[in-house]
Every structure is written in structure tokens, then in C-alpha cells.
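Here's what TrEMBL has on this protein:
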{"type": "TRANSMEM", "residues": "A:50-71", "note": "transmembrane segment"}
{"type": "TRANSMEM", "residues": "A:98-117", "note": "transmembrane segment"}
{"type": "TRANSMEM", "residues": "A:129-150", "note": "transmembrane segment"}
{"type": "TRANSMEM", "residues": "A:209-229", "note": "transmembrane segment"}
{"type": "TRANSMEM", "residues": "A:312-333", "note": "transmembrane segment"}
{"type": "TRANSMEM", "residues": "A:354-382", "note": "transmembrane segment"}
{"type": "TRANSMEM", "residues": "A:402-423", "note": "transmembrane segment"}
{"type": "TRANSMEM", "residues": "A:444-464", "note": "transmembrane segment"}
Amino acid sequence: MTRLRPTSLRRFGLGLLLASLLSLLADPAAASNAAVGLAGASQDNLAVPRWLYLATGGATVGASALLASFVTDRRFIERVHLWQTGPEAGVSDGVLRALRVAGGVLGLAVLALAVYLGYTGPQIPTVSFAVIVVFAGLRAGYTMLSYLVADTWRALNPWRTVVSAVPNGFVSYPERLGRWPAVAGILALVWVETATAVTTRPSVLATALVAYSVVTLAGAVVVGADAWFDKVDPVSVFLHFYGRVAPVRLDDDGLSVRLPGMRLVTDDDLTDLGDVAVAVVLVWELTFSGFVTTEQGAAAVRWLAGVGLPPLFVYGLLYLGGFGVFLGLYVLAARVTARRIDTFETPLDLAVKFAPSLLAIAAGYHLAHYFGFFVSLSPMLVHALSSPLSSPSNPVVLTLPAWFGGLNVGFVLLGHLLAVWVAHSQAYRTFPSRLQAVRSQFPFVAVMILYTILSLWLISLPTASPPFL
Amino acid sequence: MTTDTDATRDRHTCTACGEAYPTERLLVLHRGARHPDDLDAAEVEAYREAYYEEEDELKSFRIRALGVLVLLYFGFLMLFIVFAS
């Protein structure tokens, strides 16, 4: 590419980027008072009105998008998302095989223990190996590991280990289904988590694990391990999508490290609307479980049930309707972009190209929702994993200092800022004109601002247990 | 994939990668950015011209964006002065 721009302008752009990062550090500090105040028992010490806190969060995302639009040097943008170490050639096949075997054994052992101890262990969630490993481990800590460090699920996945050992793949997977079965599966699993006793009764959780194992093994043997775990299995799709954000990756090319989230720009392996729906469902399920566990959410459900609607119907409507709205808003942004810009890219192409940026948002939300939970339960998790057969008589739960509420605001904003940059890089890869690249992002940024405001609102609300469940 | 309206529009197709663009200018910008080594002298000149023309548009966009940022900054400053205590 021909360099025509003076370097001073590039420095200017870089300076602005740094300034936006600084403002990011400053903004949550101002806004966190609200979250901390609300997390406490009293609401009197609320320093900033809630609408102002929400508007500030939304404006932070909008202003960062504007600041990012000042960075118009293609070479600089490319250097950021292509920067990587390696791939190191140092990882030998023997080490890889040993890691896979160790991961497979570990995964199988943990699954077997979870099922066995779920039935035979104490039926109290706070000392149950099954409940702790599945929710504090897989749902919280392991998912964080997947997007913060590296996606290791392929080696650990116990069902894949079993299926790979037997003949599989008798029917070819119907490609037109895409990843829609995984979307339905993730929605179903989150539903089971919210609406049934899997989080409180270890034996119910063990039954759910057995049922899940039967379905997974049968399905994977029929359509083949690769197709099943890539397209259908909700847990694998969930973890692999989060894993796209991670900086470290070990694959056939070896071990490589990239900047966090930058693989989202270059992976190019999302292809249709089903893949977009997976990215949206990751954002939506966290928003939904955030909503129904707040006092306001509980009050809304109670009110709707009071009108005469059955509670489960209310939850289902909120759950699927909200998902439809989230997906619809995102697709609408893609349509608006395709219409505003002189291009042959269809709305679907654009929706697919910008969908990976949603994963950065989902990672930020996940961290905001689960980081405190994971830290406070981490002593229990360590105990459960180090001595699974002896239940602690007195489980240790860490009490979190009040400023943890402020961290959550930071995580939500950080996820969105990363998403803004991913979308910016993607726009420069897609459009030949820099002005088009800038303008293409506006509808997506508008949707992101809406998501931010909604999510910041949810984490600022006092929590309650959802009614009727 | 193309829509009905696309069929009636001119397609300016890149000879290096087959990507199509609705205007000649976009094709010039695409070739300059993606295939800088394939350009002949006339194309380099066309790219240079399109690039600088776009630079002017970007400059005016930057000024407007800066205006919005200043408004946002002072707007929020005022809001915080009035409402945060």
C-alpha cells in the first residue's frame, strides 16, 4: 500500500486512541459510585442519578467509536489486528498428544465424578462437587479462561473423547441447518439453568448431566464428532465462540499469541445468520438472566402474572421475545448500513462480518456477571477439585469488597470498547473507501450503545430471586 | 449474492481478485489499498487522486466528529455539575 499520509496525523490518531483509553479509566470511576451505592443496602449514598450513569456509559461507547474513526491509517489498523508472536515451532507432536490425552482423561474424570457425587454426595448446593464444578467451574471460571487465555475445550470435552474412540459419522450433517441447533440448545440450557432445580439439587443436576451425555453421544455418533461439536453441541459452540476472543491459540500451526479480540477480525469463519444468532444469544442470555434476577425484573414478571398470564409463559415470552428483539435490532443495523452505503455487500454479508464484535461484548458481560461470583466461590472450587470425595463441613465463601461493583461497570465498557475496535478493523478490511468504513459502523455502534445502556442498567439494580421458579 | 437493484447497476470488477464495486472510484481505492503492486502508472495516478479527494472528505468528517465530541464532553460536564452531588 502506498504511504501518502504524514506520520504526524497518525500520531494524532494514536494519541486520540490513548486519550479514549484514559477516559475509559476515568469514566467508570465516576459512574461506579452509582453501582456501588446501589449494590449496598442504602440508596441514599447514590452520588450520580441513574439516568446520568446510564447516559455516561452509552456516551463512552459512542465517543470511543468517534475517536476510533479518527484512526484512518490502514497500515496501523492492520498492524494492530495482525500483530502476533509465533507460531512457535517448538511444540512437538508428542507434547501435543500427551496434552490431548491428559485433557481427555481429566474431562472424563470430572464428568464421572460430577454425576456420581451428584447422586451420592450431600444434597446441599454449597458443598456439592457437581454444582460447584458445573456452575462455579464450567459456567463461570472455565468460560472466563476460554476468552481471557485460550480455548482448551476441544482437548477437555469428555463427550468428544468418548465419541472419537468409537466409529462415528454415519449420516452427513445437513449443512443448511448451520448452527441453529446450537442456538436452540444454548437457549434450552440457559432455560434449564434458570427454571429448574439444577442449581440447588445436586441429584437433579446429575440427572441433567446424564441426559445431556446420552443426547450428545447419540448425536455425535450419528453425524460425526467434527460436525456435532462444531455445529450442534451447545456447550462446545458456546465455549468455542467465547474462545475466539482469547489471545492464545494452539492449533495445527503451533502456539501463537495475538492481541485480545484481534482474532475476531481475521478468523473469517462465520458464514450465515445462524452464526450471527449464536453471537447474539451469548449477549442475550446474560442480559436475560441479569434481568430476571433483579427486583425490577421480578416485579415485572409478577405484574404480568398478576394480569392472568401463566408465569412460565411470561418467562418464555420474555426470553424468546427478547432474543428476537436483540437479533432483530442487530439485523436492522446491518440493513441500514447496506442501504446507506454504496456497496454490493448484502445486509447478510455485513451482519456476518460484524458479528464477531458481539463476542467481545459477550465476554465483557460475562466477566461483569460472573467475575465476583467466581472469586467469592473460588475457595470452594479449589477444595472441590483438590479433594472431590470429602465435602467440606464449613465451606469458605469470600466476601467481596464494595468496589467490586465498580469493576463490573468497567468490564461491560471494556467489552464494548474492544467491540468498537473490532468493528472498526473489520470495516477497514471490508470497504475500499475509508469514509465508507467510518460510516458503515454508525448503525452497529447505535445498537451497541443500546446494549450497553441496558446492561449497565441491569447491573445497577438490586438483586432478587426470580419469582415462581 | 446480489439483489434486484444491484442487477441494474454497473459492476466494476477487480481483475486481481474478482471483487465488484458499484463505482469506478471505489474500485480504484480498492486496487490501491489491496493490490498496490498490480497498478500501472495511470492507475497509481488515479489512486493518488482518489485518495487525496477522500482525505478532504475525511478532514471535514473529522472536524464534525470533533465538534460532536466537544459537545458531548461539555454537555456531560454540565449535566454532572447540575445533577451529581
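Each residue, glycine too, has its Cβ placed from N, Cα and C.
In TrEMBL, annotation is done automatically, which means it is predicted and not curated.
No contact links the transmembrane segment (A:312-333) to the transmembrane segment (A:129-150), because fewer than 3 Cβ pairs that are 6 or more residues apart lie under 8 A.
Only sequence-distant pairs (6 or more apart) were considered; of these, fewer than three Cβ pairs between the transmembrane segment (A:209-229) and the transmembrane segment (A:402-423) are under 8 A, so the stretches are not in contact.
Just going by CB pairs under 8 A, the stretch in A:50-71, A:98-117, A:129-150 that sits most against the transmembrane segment (A:444-464) is A:50-71.
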